[in-house]
Amino acid sequence: MGQTVTTPLSLTLEHWEDVQRIASNQSVDVKKRRWVTFCSAEWPTFGVGWPQDGTFNLDIILQVKSKVFSPGPHGHPDQVPYIVTWEAIAYEPPPWVKPFVSPKLSPSPTAPILPSGPSTQPPPRSALYPALTPSIKPRPSKPQVLSDNGGPLIDLLSEDPPPYGGQGLSSSDGDGDREEATSTSEIPAPSPIVSRLRGKRDPPAADSTTSRAFPLRLGGNGQLQYWPFSSSDLYNWKNNNPSFSEDPGKLTALIESVLTTHQPTWDDCQQLLGTLLTGEEKQRVLLEARKAVRGNDGRPTQLPNEVDAAFPLERPDWDYTTQRGRNHLVLYRQLLLAGLQNAGRSPTNLAKVKGITQGPNESPSAFLERLKEAYRRYTPYDPEDPGQETNVSMSFIWQSAPDIGRKLERLEDLKSKTLGDLVREAERIFNKRETPEEREERVRRETEEKEERRRAEEEQKEKERDRRRHREMSKLLATVVSGQRQDRQGGERRRPQLDKDQCAYCKEKGHWAKDCPKKPRGPRGPRPQTSLLTLDDQGGQGQEPPPEPRITLTVGGQPVTFLVDTGAQHSVLTQNPGPLSDRSAWVQGATGGKRYRWTTDRKVHLATGKVTHSFLHVPDCPYPLLGRDLLTKLKAQIHFEGSGAQVVGPKGQPLQVLTLNLEDEYRLYETSAEPEVSPGSTWLSDFPQAWAETGGMGLAVRQAPLIIPLKATSTPVSIKQYPMSQEAKLGIKPHIQRLLDQGILVPCQSPWNTPLLPVKKPGTNDYRPVQDLREVNKRVEDIHPTVPNPYNLLSGLPPSHRWYTVLDLKDAFFCLRLHPTSQPLFAFEWRDPGMGISGQLTWTRLPQGFKNSPTLFDEALHRDLADFRIQHPDLILLQYVDDILLAATSELDCQQGTRALLLTLGNLGYRASAKKAQLCQKQVKYLGYLLKEGQRWLTEARKETVMGQPTPKTPRQLREFLGTAGFCRLWIPGFAEMAAPLYPLTKTGTLFNWGPDQQKAYQEIKQALLTAPALGLPDLTKPFELFVDEKQGYAKGVLTQKLGPWRRPVAYLSKKLDPVAAGWPPCLRMVAAIAVLRKDAGKLTMGQPLVILAPHAVEALVKQPPDRWLSNARMTHYQAMLLDTDRVQFGPVVALNPATLLPLPEEGAPHDCLEILAETHGTRPDLTDQPIPDADHTWYTDGSSFLQEGQRKAGAAVTTETEVIWARALPAGTSAQRAELIALTQALKMAEGKRLNVYTDSRYAFATAHIHGEIYRRRGLLTSEGREIKNKSEILALLKALFLPKRLSIIHCLGHQKGDSAEARGNRLADQAAREAAIKTPPDTSTLLIEDSTPYTPAYFHYTETDLKKLRELGATYNQSKGYWVFQGKPVMPDQFVFELLDSLHRLTHLGYQKMKALLDRGESPYYMLNRDKTLQYVADSCTVCAQVNASKAKIGAGVRVRGHRPGSHWEIDFTEVKPGLYGYKYLLVFVDTFSGWVEAFPTKRETARVVSKKLLEEIFPRFGMPQVLGSDNGPAFTSQVSQSVADLLGIDWKLHCAYRPQSSGQVERMNRTIKETLTKLTLAAGTRDWVLLLPLALYRARNTPGPHGLTPYEILYGAPPPLVNFHDPDMSELTNSPSLQAHLQALQTVQREIWKPLAEAYRDQLDQPVIPHPFRIGDSVWVRRHQTKNLEPRWKGPYTVLLTTPTALKVDGISAWIHAAHVKAATTPPIKPSWRVQRSQNPLKIRLTRGAP
């Protein structure tokens, strides 16, 4: 056996607990891993001889320590605890280290080295820690070793440290029994960071060039002594205090205490700052400290010498043994503290202060301390400053707990309260709070009281309900329903009427029933409670009924107990069963008759079959009754046995009745499925863990909790819970309770919150909770969905497997757990006082509604079932999320596989629903399909769902229909072609216009669903055949597989081709159709071999495609898809049946696709690209487009070799391609009827004429994206011009040739002519427009009789050779052509008559336009767009306003706004008397009808009497019901003026302007903004301003000018001789009579002046101005028909208000040829209408 080598490192690791104890004694903490790392990897790199296995050599340890404690960036502060611990182990070795440490030699006693004078050499400088320069003192010639007095050098019994020395320092150990003194040259200088251990262990060191300065303390003998900082103290200060940036106050206080207690030197201050501050923080502190240096005058100084003397950055030469040196050090510390305080001031952030709030259980005193600390930390304010007490007090009140803050705000004389008073009051409130135990007791007591009250109320209601039920049941004698009143009356039996003195008991007279002697006396026995008394068929009272037979049935998903009542003619429901019909019937009972309604017809599944039945709805019936109607349909048999009555069917089986809702009626069409797993089935008992009914909630045991990753920028979202009805809350409460009990929901506190949405289940009163997780889904990372596609999922099911098992996992998502870190994402609010829940709940399992839940569960279940698939390779297992399909070839294999699957699911923790299970059957339903015998069918339920949808009325309903029907498109041949008319209506912004085409397509899709065939399941072991056909741009096909000699369809495919492919010839369209359907068929064939059969030779086309039709990209795509010989093969050309898309038995006529394509490649068959030998002309065309002076110029030219035939400038911005097309088209036009060779150097124009033009035309000139191609009009013009020449050859030549051939000369001349035309000739857009529009050439002109008559009047001549009329040397354009041209031009420009006329005059048209000006005016006037937008030029003459005949009878009112609104007055209510012009104005704060009524009744009526007429605009204050009601009660005729017509209220509107102008001038003159104060002056000015008749309103009203007082005339004696009051009134009456009468006559004369009426008449069409137009909205609306008129206004059809004539303009309508003639008859009330023109 070998021996292990023990090293210092391994020794420490073996005794690690002792190492940790030693480190703890040094106040540090060490970790084993870092201990090994530093010892073996870090310290050996220091270059001091440290071995990788460690050492206990003290010299090496001290050298490593000096490296660790190095100042600046070269130090290692993180290694301080570890080297200090190594040092402690070496100095005081524990027992397990002593054998490895050499014994220490006892040092010889030597005398300590006394301080010596400083060196004359300059001290060495350091960037961060400059050396201290010792003071220069005379060096003694001979050092004194012994003292003069002969005393001992050091008191060995003293515990004081040795005296402070300049060069050396003697150290003593802790016991004081030894002393050491060595020279400074023997040991290197220690690091700046020192510790108390050095006083015991470090050998003394001294530098001949520096002096050491240490923290000073005064010893017992009066000498300064050095006490260095401990490394553990520095380490603890660093780690146990926040950083300076985080909390500068706390660190400043710490440094201040250290400076006060330790009195550090300059070096130790640097050491302290370097340890506690970062580099940036230290620089900031030093800078602030230097700013605080003050000069001789006591103010901060910036003199460098004074700043450096007081606060040096390098080590100063201060002598700390002198008072002056110590004073320097004290000043340095003070400045350092000032720098710390100034650097620690953070910017003001009151938001942080406001964020400090009192905690629920925090005392006010503690809260106040936190608040003050926030003030100190985030603001420059001192919270202890008396000036800041108010701010602190307000923050304390507002940010206290709500209950404390509210009570503090209500304190009396709050301003006089000090902060201490507020704290004491808050403490008193805080101490009076309820304790948690008291609060819990109070809540418990209130809950118990509430529960007691609820229980008492329920008991009372139950008792009342029992009494009412017994009372009604005892009174009910029969339930008879009759549709006829006479039957009801005939069947009644009335109680015999009693006389007044007749006994009701014995029927004798003379006494009443209570005094009857025959009535038995004694205690009353218990009254028998009969629940129902029945009648026989004749209505007589039967004997006492037997025990009541009851049957529990399912109605609308809810169990309902029916009472079998053979006396009830009809069955009765007591609760609302859904919609009721309009039919009703009388129900006669003991208490009388009452009418009740019937329910709508319901499909009821009885034991005898399906029937339609309607129940009678009787809410006050005590029980639902099963009457004779349903008993008859049931063929029920009632047996009376000893145990009671039993109701059974005709075969003796128990009866069950199911009532369905209307939306579930489609299920009645389904065939009867195999019975589900019954509770007594062996499947349940054999596999109890696999079923949700017996195994409880599932839990996937092999799946780890899921962690939901968030997006990088996601932040928590909190959405409040929506209001929830009480019914909905009670509906979801049981579900929440169940989930809480199962642990799926747990209480939580989360920053996330999303609302809970209760969704009512159809046909029931039950609710289910649904959480709205849309906002959470936005913030969660997306994962790639791996859920299988239902479209091709069944492709993996071979037809040979015909035994199926279908399982539906219940609550599947709840089987997966959520990680606790992800659970808060799905929190929601829930409050239930009964359960003691008020807060948030969250999910511990994967929730529903989360976007990634299906993918996560599908992947987890796939992983768990992987072993099952491996162990059962003969079985087919398909999984779609939580729906599982198991298929086998035989029944035995299916049963064994099902058992194994159930066992596996149970062991894995998944639970299946027994109610939905379909076990070992040959026919099952899976994913909406019916699987049977290797085929899949559309279920009848799916068909009925589509058939039951009503005709769509909106795009959304149409999308729903197409989505539902699109699910079934595999069963519908040509579905895309059928639905083509419907898809355009689903686009956004399209008008939903449902026409005959849409209705036809809608019905065809429904009809196709009814005849949907069965499709075979894809068999991946057999090849597939794809039959493809194409028709009008729609690809149709059927995917088949051979089944014996027949072809069985697998899927019907259809799709619309893109616009480019739809424009190809039929053979190429077939290629595109095959490519499209091949891609869709690949989803079902899963890459298996495919044979394509089509009525075209597609393979040859794909191998040699015509490059003129296909682009390179399409060609490559088709070849890669269709020439894959391993997967795609082409069969022989076959003819297909259009109905079935299968081949016809007879052979079709073959055709050559390549030959057909060659024939259809161009537009003109004789068009060639070779020169014609006998051509009449050989021309050269060219188009040029270039930039000149920042503008793109363009031109086109047609030339020969030597001369220019045609050259024209084109509009700026024309492209070169367009110019080439225009030039080529012009050449073809000029060569009409001739043989032409035309050369062009444009590949674009050449290819368009020869190849692409026909392609563009076939596909409707659209691109592949469905947009119009560029240069559409030029391409169409070129295609039409190609047929004009007799023979034509378009030849391509190279551009810019330099040879001397005829081709080169002609091309150069054409290019030069095009450039010169573009530069010299201005573009003529009008001529260009006419020339480019081929229909407007003379060859197309057709003249009418009216045109010919006009031409003869003008004296025009007819050109026989050219076939058109000529006038003034120009061809004459007919009137109809002129109208079409000008109408097109106006629709392009929408210019007015004058602008269009000037444009045509300047353009010098080559044609004479017949009736141009008249047609132009008509086109401009009849344009609807211009009429809606253009302003009206019509001017309406001024009208006449009606005035009053005396003052105060007729007023005009209006509100005007005056800003700024002082004292809340923003409005001015102005009254103007129309007779005198007198004005009354009242400042108001609101513009309301209440203000108007108040001023009218309180101001106008008492002073001027009741007005007769009031006039105003249509403001809400005047049109409101309040104002109008007041006017009606007072008999005032309130006239509302036309809307948006200020002139109608001109007098008051002008007064508003006058008052505002006057107030503006007065405010400027007075220098105040108080317009309310200046309003009387403005009114005085308005009332005393002369009007149109030279009189002021004051003079008209009072008959004299206002009295004026001359304040400068002291003699007031003239005023004393005033006449009597009576005489003054008589004079006033005379003056008023003389003034008012002439004034009223003047007003009356104005009314008699004729007013020019507006030109509108009844029946005219007018446009009405839109007064409030939005952006890009026309300013006129209409046109409207005029119904009534006045001289200034009119009323139109469709607008209730009168409209001023200035707000309308005439609408020009195109003339309509009259088709009816109106004739008068003799009867004035009759007219005769006759068809046809008069």
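Even glycines carry a Cβ here, placed using N, Cα and C.
The following features are taken from Swiss-Prot:
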{"type": "LIPID", "residues": "Gly2", "note": "N-myristoyl glycine"}
{"type": "REGION", "residues": "344-392", "note": "region 'Interaction with host PIAS4'"}
{"type": "BINDING", "residues": "Asp808, Asp882, Asp883", "note": "Mg(2+) 1 binding site"}
{"type": "DOMAIN", "residues": "1173-1319", "note": "domain 'RNase H type-1'"}
{"type": "BINDING", "residues": "Asp1182, Glu1220, Asp1241, Asp1311", "note": "Mg(2+) 2 binding site"}
{"type": "BINDING", "residues": "Asp1454, Asp1513", "note": "Mg(2+) 3 binding site"}
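Each of the binding-site residues Asp882, Asp883, Asp1182, Asp1311, Asp1454 was scored by how many other Cβ atoms lie within 10 Å of its Cβ, and the smallest score goes to Asp883. Taking Cβ-Cβ distances under 8 Å and a sequence gap of 6 or more within the same chain, the neighbours of Asp808 (Mg(2+) 1 binding site) are Asp882, Asp883, Ile884, Ala912, Ser913, Lys916, Ala917. In the region 'Interaction with host PIAS4' (344-392), the DSSP tally of helix, strand and coil residues is 27 helix, 0 strand, 22 coil.
A Cα-Cα distance of 69 Å separates Asp1182 (Mg(2+) 2 binding site) from Asp1513 (Mg(2+) 3 binding site). For Asp1513 (Mg(2+) 3 binding site), the nearest of the binding-site residues by C-alpha distance turns out to be Glu1220; the candidates were Glu1220, Asp1241, Asp1311. Counting other Cβ atoms within 10 Å of each Cβ, the binding-site residues Glu1220, Asp1513 show the lowest value at Asp1513. Mapped onto three states, the DSSP output places Glu1220 (Mg(2+) 2 binding site) in helix. The DSSP breakdown of the domain 'RNase H type-1' (1173-1319) into helical (H, G, I), extended (E, B) and coil residues amounts to 59 helix, 42 strand, 46 coil. Between the CA atoms of Glu1220 (Mg(2+) 2 binding site) and Asp1454 (Mg(2+) 3 binding site) there is a gap of 69 Å. Within the same chain, residues at least six positions away from Asp1241 (Mg(2+) 2 binding site) with a Cβ under 8 Å of its Cβ are Asp1182, His1292, Cys1293, Leu1294, Gly1295, His1296, Asn1307, Asp1311. Within 8 A of the CB centroid of the Mg(2+) 2 site residues Asp1182, Glu1220, Asp1241, Asp1311, the other residues of that chain are Tyr1180, Thr1181, Gly1183, Ser1184, Ala1223, Thr1240, Ser1242, Gly1295, Asn1307, Ala1310, Ala1314. Mean pLDDT of the predicted structure over the domain 'RNase H type-1' (1173-1319): 85.
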